[in-house]
């Protein structure tokens, strides 16, 4: 099912950018989990448009409505349905895109696959689809906190050629949220913001890298072959709009090391097995080893830009397109909570699978 994710904690998203609403159905949520609308809304507010001058100015409150699966402040164990109504729609800004394909966008490939597409804001390919992921991820993050004290933190480490210095400490939520770019290094964040503003003034866009760290994951989560933990994390991240790369631990840089340099030596600390280094990124053989999980996701520059570009129309003629509408000059600030949400969805699903198979890590 191409619109669903997860095996036991299953998430199905629905809706389009300029349709009536977008939302999600969560199947497999444990019963009796205390849950409020406010907990979901807090995460949605972090991804909503219009929150700063370096993101799209589209004004959406993104107020979530829980339609089913919640009774007297607790989950019932039945499908939990959440919906957000679309409000600030301007389909006239996309009129030209009915006939012309945006370069590097999903316009052409959706047309090639389905023979029909909703050209208004990209329809189903719009990042508004991720509202459902963030709503579901808020629930998954709460389960992980209650079950094992697992903490997930994503943050921007690179915008174009501007990179943060190596960070050794696990950043706090306050450090990440201190600036609109969601980079925990203040000086680098300021340079990133200036770059985005400069590029936006030129009608252009930029990409970058988000790093995600997870602490508190016990050893044993994941599967040994096709459903390796890093494979599922990679699939989750690469399913996000605008992603073009994923690496975990040492990633591609690890290819420059020798085995004697890359191996993570085991030691006993406080009665448990741990490692002195973490080139593996917290996963070995597809299974978590108890160390901090560390991975990075590459996001391309936003495809929809205001500069004239060479393209083709639906009749097969060469033409030119200068996009209109309201678009992010850089998707990374709003992608941070989405990366955290998808991480939580992967981990809670593997947590439940491990509990079902081995009777451990119970909620």
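Cβ from N, Cα, C; glycine included.
Following the DSSP three-state reduction, the secondary structure of residue 47 (NADP(+) binding site) is helix. Annotation comment: Swiss-Prot describes 47 as NADP(+) binding site.
Among the features that Swiss-Prot reports, FMN binding site is placed at 124, 125, 126, 285, 300, 301, 302, 303, 304, 326. Around residue 302 (FMN binding site), taking its Cβ as the centre, 25 other Cβ atoms fall within 10 Å, counting all chains.
The distance from the Cα of residue 126 (FMN binding site) to the Cα of residue 47 (NADP(+) binding site) comes to 14 Å. Listed in sequence order, the residues of the same chain lying 6 or more apart from residue 47 (NADP(+) binding site) and placing their CB within less than 8 Å of its CB are 62, 130, 131, 134, 334, 335, 337, 338. Less than 8 angstroms from the CB of residue 300 (FMN binding site) sit 104, 207, 242, 243, 244, each of them six or more residues away in the same chain. Residues 124, 125, 126, 285, 300, 301, 302, 303, 304, 326 are listed as the FMN binders, and the farthest two of them sit 44 Å apart at their Cα atoms. Under the three-state DSSP scheme, residue 300 (FMN binding site) falls in the coil class.
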